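Trainee: I'd like to ask you about the structure that follows.
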Amino acid sequence: MGLLRIMMPPKLQLLAVVAFAVAMLFLENQIQKLEESRSKLERAIARHEVREIEQRHTMDGPRQDATLDEEEDMVIIYNRVPKTASTSFTNIAYDLCAKNKYHVLHINTTKNNPVMSLQDQMRFVKNITSWKEMKPGFYHGHVSYLDFAKFGVKKKPIYINVIRDPIERLVSYYYFLRFGDDYRPGLRRRKQGDKKTFDECVAEGGSDCAPEKLWLQIPFFCGHSSECWNVGSRWAMDQAKYNLINEYFLVGVTEELEDFIMLLEAALPRFFRGATELYRTGKKSHLRKTTEKKLPTKQTIAKLQQSDIWKMENEFYEFALEQFQFIRAHAVREKDGDLYILAQNFFYEKIYPKSN
């Protein structure tokens with residue numbers, strides 16, 4: 001090679017180096033393409049093997065037990081917190097139930113009491129788990145979280161929920177009790193005739209707008225323990241956080257309801273197929289708005305935010321929001337201002353023993 005450099009003119013040497021570099025780049029490119037082709041082939045073989053295994057299991061004959069197919073045996077519980085867009089979301093479930101072939105049932109408790117007696121807890125658990133005629137089922141109602149496992153149930157229902165900024169939720173509830181909403185405008189409300197604004201209520205130290213009224217989302221997630229309903233309990237908040245992470249399939253926020261619906265449709269299409277499109281383009285009959293609602297002033301908000309109860313409820317809300325946004329970030333991608341659900345991003349390979 002050294003002799004060649006001596007004998008070759010500089011221009012030819014440069015051309016030789018360039019030609020060698022181009023050849024190496026070409027080879028690297030071809031190797032990369034071969035690697036990609038090999039990976040695609042491995043994935044295709046893996047998918048084929050999975051299909052063969054599934055077919056073999058299908059050909060083995062019907063399942064020996066008499067239980068329903070898993071999707072047909074599914075039960076969802078939406079233990080809805082008042083004034084979190086719960087009626088708007090529930091009406092989407094009602095709009096889809098005939099088309100998607102599932103049942104929707106409202107859990108109506110006496111005086112809307114979110115805490116059930118022990119005997120009612122047992123009845124409720126037995127009803128939901130054994131009522132096969134109502135499966136697949138979507139149950140909704142203003143009931144605090146109930147741990148099915150402690151009643152000896154093997155297959156627990158899927159819990160979902162939506163929560164809201166605690167002050168916004170309280171303001172909405174305050175005006176709802178006085179003026180109702182556009183969903184049932186003729187219904188007489190409990191506080192109808194009271195024209196006092198939320199700002200005036202807070203300024204006067206009224207009971208309907210007291211910080212204690214903020215304590216609702218934490219106990220709904222905490223459950224049926226007495227400490228859950230002890231206003232300002234740190235234990236209750238910690239338990240609510242634990243349940244949100246470990247016992248709830250998905251918890252959305254009112255402020256991002258469409259994204260919550262989109263994630264449910266992607267993960268649970270048996271119930272929510274078509275829900276996103278219905279929410280975006282439907283006649284909006286499912287939407288519900290409190291009437292005569294006036295936004296609170298900055299002074300009113302600042303006064304409520306001085307409360308330790310608000311601080312805890314807000315901490316729980318921020319915790320739920322962060323978890324929801326984490327789930328969404330791993331499930332969707334944004335393009336041209338719109339969100340798109342990601343396709344399946346895993347596959348199986350190296351499946352043994354090999355099929356004949």
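Heads up, the Cβ atoms here are built off N, Cα and C, so glycines get one too.
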Trainee: Quick test of reading the record: Swiss-Prot lists a disulfide for C209. Which of C201, C222 is on the other end?
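Mentor: So the cysteine paired with C209 in Swiss-Prot is C201.
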Trainee: Please identify the range among 24-51, 80-107, 164-191, 220-247 that Swiss-Prot labels coiled coil.
Mentor: 24-51
Trainee: I need the CA-to-CA distance for C222 (disulfide bond) versus H142 (active site), whole Å please.
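Mentor: C222 (disulfide bond) to H142 (active site), Cα-Cα distance: 14 Å.
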Trainee: Of the recorded positions K83, H140, H142, C228, which sits closest to C201 (disulfide bond) by Cα distance?
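Mentor: Nearest candidate: K83.
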Trainee: Whole-number answer please: how many Å between the C-alpha atoms of R164 (adenosine 3',5'-bisphosphate binding site) and C209 (disulfide bond)?
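Mentor: Cα of R164 (adenosine 3',5'-bisphosphate binding site) to Cα of C209 (disulfide bond) measures 17 Å after rounding.
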Trainee: Which of the listed recorded positions (A85, C201, C209, C222) has the least company, meaning the fewest other Cβ atoms within 10 Å of its Cβ?
Mentor: C201
Trainee: By a 10 A CB contact count over all chains shown, which of the recorded positions listed here is most packed: H140, H142, R164?
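Mentor: Answer by Cβ density within 10 Å: R164.
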